[in-house]
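Enquirer: So that we are looking at the same thing, I have put the structure below in structure tokens.
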């Protein structure tokens, strides 16, 4: 079994989402010690945003592609391979300005590729990254799980939509909300998220 773990927070020691991904992966490995973990830190090793040159490279002769762009194309194929070969996807995704970090968006733009992770059949989209479970470790400074703030959530809704689009429908969100409201709420929210991780993985063992 292969697990692909991704961190996207620009914070390091104080990151809530990183704390949760570490906890999740550590607990998972104790249950499934044979798991091969592939880890990507999108802040420490950022992926360049998709550019016109990278996009156009798929439709020009290879002799016309520069070494720099060829390296970018190879990276895209590596990212897609990491995703498709994984049975489990774990993403640390903090909410930034009601959405996701640009670092995570760069990764998404590299793996959502026609003919690789989705295709069109009779005019309808068919995801090709099927048979996977996704766990999203979500952190939010405020509370966005109820009206009226619910309408400001372009983080979890977007991630659900894009993963569904490429064929991943088994998605579980584990969130820590209100982490910037106050220290007491932050601690309580983290404890609740950790408890949910433990509960989920205990259920996996049953």
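Backbone N, Cα and C atoms are what each Cβ position is placed from, and that goes for glycine too.
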Enquirer: Considering the FMN binding residues 15, 16, 17, 95, 96, 97, 98, 139, 140, 141, 142 given in Swiss-Prot, which of 9, 23 is annotated for that site as well?
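Expert: Between 9, 23, Swiss-Prot records just one in the FMN site with 15, 16, 17, 95, 96, 97, 98, 139, 140, 141, 142, namely 9.
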Enquirer: Which site among 9, 97, 139 has the most other CB atoms no more than 10 Å from its CB, taking these as binding-site residues?
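Expert: Going through 9, 97, 139 one by one, the largest Cβ count within 10 Å is at 139.
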